[in-house]
Amino acid sequence: MNGIGYAAVVGQVVVVVGGAPLLAGWMRQVRARLEGRAGAGVLQPWRDTCKLLRKEPITPAGTGPAFRAAPALLVATTAVATALVPLLSTDTPVSSHADLVVVVALVALGTLALALAGLDTGTAFGGMGASREMTVAALVEPTILLSVFALSMPAGTTNIPAIVAGAAHHPARLASPAGLLAVAALAVAVLAETGRIPVDNPSTHLELTMIHEAMVLEYAGPDLALVELGAQMRLTLLLGLLSSLFVPWGIATSGSWGALAVAPVLFAAKLCLLGAALATAEVCWAKVRLFRVPELLAGSFLLALLAVTASYVLNGAP
Amino acid sequence: MSSGLYTQLLDLACGAFLLAAVIVLWRHELAALVRAFALQGVALAAIAVFLGGHEERWDLIAVGLGIGVLRAGVLPYLMRRALAALAADRGSEEVRETQPLVNVAASLLTAALLTLLAYAVGRPLTRLDPTPAAHALPVGLAVVLIGFFVLATRRRALAQVVGFLLLDNGITATAFLATSGVPLIVELGVSFDVLLAVLVLQILTTRMREAFGTTDIDDLRELHDR
């Protein structure tokens with residue numbers, strides 16, 4: 001049993017670290033095809049990463065420890081959160097520590113590290129990107145917390161593996177109004193947190209619109225590779241969290257090798273579908289103005305709050 | 001209909017009902033407001049039909065279908081016609097709810113507070129008779145309050161009409177959920193009242209536009225300034 005549990009944790013981290021660039025490449029490829037381009041191929045982000053890792057590390061003059069530590073901190077916090085969130089199995093040695101608040105705090109710590117690094121460079125863009133990022137983050141974190149609280153009410157705990165296992169055994173919990181409102185709220189929050197298109201455009205370097213890119217402009221070489229990898233891992237982690245919470249089938253709920261062998265395949269399939277859907281949506285949508293972003297996030301916060309209220313008011317939950 | 005499925009369907013319809021009210025607050029374009037209102041009409045009809053199906057009362061199902069025709073068909077059609085007249089007359093300027101008195105983010109948060117208030121107020125009612133319909137009662141109250149809020153904070157006449165109808169939808173939903181079905185004759189009377197009110201408001205809107213060239217309520221100062 002314990003061997004299987006550790007294998008599941010290691011598997012989760014390996015799948016996310018190895019798969020995150022592939023997911024990013026897959027999404028870029030889908031986008032390219034929909035826009036009528038040939039695309040660079042699914043492996044391109046990995047090639048970029050390898051190229052950047054071979055370069056000489058350079059830090060701008062006058063930057064302090066925050067700038068140097070941020071990429072490693074970003075990747076490390078995301079990796080720890082990945083080990084905690086039940087992506088492949090709910091029955092792991094660390095599953096008793098996988099509290100919702102811990103996971104959200106780990107994600108927020110990565111955001112904070114990057115924002116500090118943006119401030120540390122002392123450039124106009126860095127500070128601007130950091131302040132925008134913190135504005136978005138301040139609105140996103142409560143939304144993520146609230147929408148998962150709506151799901152944790154029927155389960156009676158904020159332990160994410162327990163919520164996922166409960167949902168896998170009682171699928172009726174997910175079809176309730178609380179579940180539907182929560183998935184809508186969490187989807188918007190995930191888009192904002194990972195800097196995807198209605199909030200931020202990940203492929204632009206236009207100074208007026210960018211949020212995430214403005215903070216990491218000064219990075220080069222291996223540090224840039226780590227920052228990119230961290231951003232891709234966060235996208236994979238949060239999409240994985242979304243799929244685990246709302247489509248929990250296929251995640252191993254008991255310690256058996258068979259279930260654990262099936263789980264990565266289904267996980268990859270779910271993420272491919274989600275990524276393709278997201279890429280399709282990004283082709284169709286336009287980025288909203290920065291001043292309308294709080295509106296969008298207030299809307300998703302309201303949906304999350306309604307989800308909590310609904311799971312309390314309506315008869316679906318005791 | 002089995003009891004568990006009935007509860008789920010009723011809850012789902014109530015969720016969609018509340019969601020439509022929130023979308024009315026969220027969106028800027030008047031056309032989107034009308035679409036959200038039509039969606040709410042469908043959800044309201046579904047609530048009535050599910051209640052009727054559960055209690056096997058055919059008159060209630062008939063009332064539900066009638067409500068669906070009126071609130072998801074006729075009233076949105078009337079509003080869309082008024083909107084088309086506005087758009088043809090003034091270009092695209094009038095078709096947007098440009099500046100509500102309270103900005104959208106703040107009004108969304110207010111809606112959240114109003115929903116919580118409706119739940120707090122509805123608790124004693126729910127405790128009287130804890131059926132699934134009674135549990136959903138605060139949703140109707142919340143929509144009544146949100147309708148009031150839209151009525152008070154929007155400036156265009158058509159947006160205020162949507163607010164008024166939101167209020168009425170909320171009242172109807174509360175009536176259905178509290179009494180498990182109002183008598184046919186009462187519902188007919190209310191429905192004709194609403195239809196008449198919308199027709200009158202539509203004529204009023206047209207007159208306002210002819211007289212002042214806009215339906216922005218804030219521009220109507222001439223009534224008391226001189």
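Backbone N, Cα and C atoms are what each Cβ position is placed from, and that goes for glycine too.
Residues or ranges marked as transmembrane segment by TrEMBL: B:6-26, B:33-54, B:60-79, B:100-121, B:133-151, B:158-178, B:184-204.
The largest share of C-beta pairs under 8 angstroms with the transmembrane segment (B:60-79) comes from B:33-54, of the ranges B:33-54, B:100-121, B:133-151, B:158-178. Cβ atoms under 8 Å from those of the transmembrane segment (B:133-151) belong to residues 10-11, 14-15, 17-18, 21-22, 24-25, 40, 47, 51, 107, 110-111, 114-115, 117-119, 121-123, 125-126, 159-160, 162-171, 173-178, 180 of the same chain, restricted to positions at least 6 beyond its ends. Segment contact is absent for the transmembrane segment (B:33-54) and the transmembrane segment (B:100-121), given fewer than three CB pairs below 8 angstroms at sequence separation of 6 or more.
Remote same-chain residues near the transmembrane segment (B:6-26) are listed as 32-33, 36-37, 39-40, 42-44, 46-47, 50-51, 53-54, 104, 107-108, 111, 115, 132-133, 136, 139-140, 142-143, 146-147, 149-150, 162-163, 166, 169-170, 173, 177 (criterion: CB distance under 8 Å, separation of at least six residues from the stretch ends).
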